[in-house]
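Student: Encoded as structure tokens, here's the structure I'll be asking about.
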């Protein structure tokens, strides 16, 4: 089983190919529009084909596209096919945008009736036939910005009972001393839809989810779960973004270290230790910046940070009276770990990096 969506919403929205009949009409209409400036008048069936194709394409990226997303698609449509522009309107695509909104609503209704979990989870609300149920405008469950695979259906040939048996098999494998990691990875991939159902539909507490899915405490499975949800390699993305901001973060922290005060003294001592390193690679720089981050924000990191005493583990010298301490990359891994836990279990995230970046603007 693989997650249903493999692509995020693109930066440039592609216009899909329509039916053979509609494509022929559009080619001729674009040529005529280029020569005479006249727009194309579509039949009801032809417009339905265009809207249905666009709705299906949008749904391949998002089940609930935003107003801005729909506007981008409508604009891309009339840019690719100028003959479809609406005369007399400021944008030339406002009517297409409204039509796409209604079409997406109808498209989701059809999928909900067919049992598609991502939209069916919001069906069955209060209606004329069910007046006692919850209001249709409350507790709407939809993906957050980064989530690509929000609530997939069970894999073909699987149901709740079979996936539960595989979950118990995962628990048995995790508690073993000699873990079968490939088997755990395979079972976690297969049971992804069951896990998302428990997180989204059942609203289980974080502690209970971790108890039912102990493999989520393993670093490899945390990274894999993050990739299943977002289609993003967490470590690569985290390190690339960190490296992009490191120069300005370091500059910010050094300016603070040059001042007076308790925080400034700690930062000054930290960067003095960093400057004394004979060989400074990217990992040491990352660790130094991340180590300075909680200090700069007046956060207590005593239960979060691990230190490595170089004099005991790497270098033994009699001449040095000062023990050089560098900050082990485990700090970066721990920071990544809790970011992933917050994303996967949908708990409230405290994004320290964003707070700091506000100071950089």
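Yeah, the Cβs are placed from backbone N, Cα and C, and that goes for glycine too.
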Student: Between 120-141, 142-163, 164-185, 186-207, which stretch does TrEMBL give the note region 'Disordered'?
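Tutor: The listed stretch tagged region 'Disordered' in TrEMBL is 120-141.
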Student: Which range is it, out of 304-324, 325-345, that shows up in TrEMBL as transmembrane segment?
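Tutor: In TrEMBL, residues 325-345 carry the label transmembrane segment.
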